[in-house]
């Protein structure tokens, strides 16, 4: 075979066992429904060991795109760090030993920053507990947690329990919670520096609502209808109404999120650049991140450095002299580039990139179509030219609007994706492209929890694979790692030995 191929990723578009709770099943999506009738389809697993995560762990976009491009199961940081915590080897990591030794010898505070939930997408509470244990093995007595509440990868009002459990865990130690703020502010990834500033001012300047009781502060936020993701800065104070701890020059900061994308902006403000407009100034800190957030950072130490994955789909196509396009809106642009390329920022020879900005709205339920139409309109002329051999396209809507937990908006998101998928696939068929329609993980097919509350998290449901091709009549079930070998078979390019998964044709 010598086909030209489009990989169309419908982000967050899973297969629901219960149509009542599914935005997809409640939406008017005639085109995607017609694909199931007219072309072969099967399902893919995107969770747990199928993608190199711990058993039962829901997949996510970073992991999904990494597996898709790699053509193999990529063992993730979450699984690696879980093992280190379980086997109590975290305290033996040299980077942590050096940080704790520096703190002890120089009488400096240690600040743990990160998302306090067991969502397992950006962080895990077990990792924080492991770090706390390690700090106590070193006899450190000035240890503070700056807790970012989640409400997005876990239920919107689960934060109070996570904070309660953390307090319970540290009650017989000198470790204290120093501040609380929602991830909306502390973990932005869309250059909304005005949000990041609130988190920066909280941890550096102690600016926030003063409190002596972390759990009560979270519960008070719920009473005002502000859920975990959006909790406004809370600074924990002592009996003299002074902040327990802020980050000052020379302190140790350990950012314990293992996923890289949402730790970058706060890290940049604290340690890399001055942002004069926001009055955020970098501090001279002993700064440690659990994984490598960015190769270019100066003076940031990394506990677990990733091995870059070689012989990804992009690299194999480069060697075969093929032209490729990576196309997405801002929210998923790193996924179709950096993650799909196995942790590589630089484009391959023959790779071009099309980016459209995600809409500047507070939350995507306000504009559920996002920038899907702009993506379709940008890609169709390229398909009509017929010069590109492979396209990796991501429609973000099902995931990003699914995360809001608002069913009506998610339905509109699905309908926008349906219309845009039609534009692209009509052009694909007219220009002799084969399209593989898949998702990287589930989300918008489960918008409601069994108790009736909104579900904002990813799921472990299987996702579809549809093979839109004029000749081929079969496709098998598989995992995300099987997609790159499938694409190579369609394109008539030899699969490298490093790709250990197999074609689903």
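Glycine too: its Cβ is placed from the backbone N, Cα and C atoms.
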Cross-ref Swiss-Prot: Mn(2+) 2 site 11, 440, 441; candidate in list 41, 61, 371, 503 matching that site is 61
Mn(2+) 1 site partner of 399, 403 according to Swiss-Prot, chosen from 458, 502, is 458
Among the binding-site residues listed as 11, 260, 440, 441, the Cα nearest the Cα of residue 458 (Mn(2+) 1 binding site) belongs to 441
Cβ neighbour count (10 Å, all chains) around residue 441 (Mn(2+) 2 binding site) is 28
Same-chain neighbours of the Mn(2+) 2 site, Cβ within 8 Å of the mean position of the Cβ atoms of 11, 61, 440, 441 and not counting those residues, run in sequence order as 9, 12, 46, 59, 60, 64, 65, 332, 335, 394, 399, 439, 443, 458
One should report the C-alpha separation between residue 11 (Mn(2+) 2 binding site) and residue 262 (substrate binding site), rounded to whole angstrom, as 18
For residue 153 (substrate binding site), the same-chain residues 6+ apart in sequence with C-beta under 8 angstroms from its C-beta are 60, 117, 119, 120, 121, 122, 456, 457, 458
If you count the other CB atoms within 10 A of the CB of residue 11 (Mn(2+) 2 binding site), including all protein chains displayed, you should get 25
Counting across all protein chains, other CB atoms within 10 angstroms of the CB of residue 260 (substrate binding site) number 23
CA pair residue 262 (substrate binding site) / residue 61 (Mn(2+) 2 binding site), Å rounded to integer, equals 13
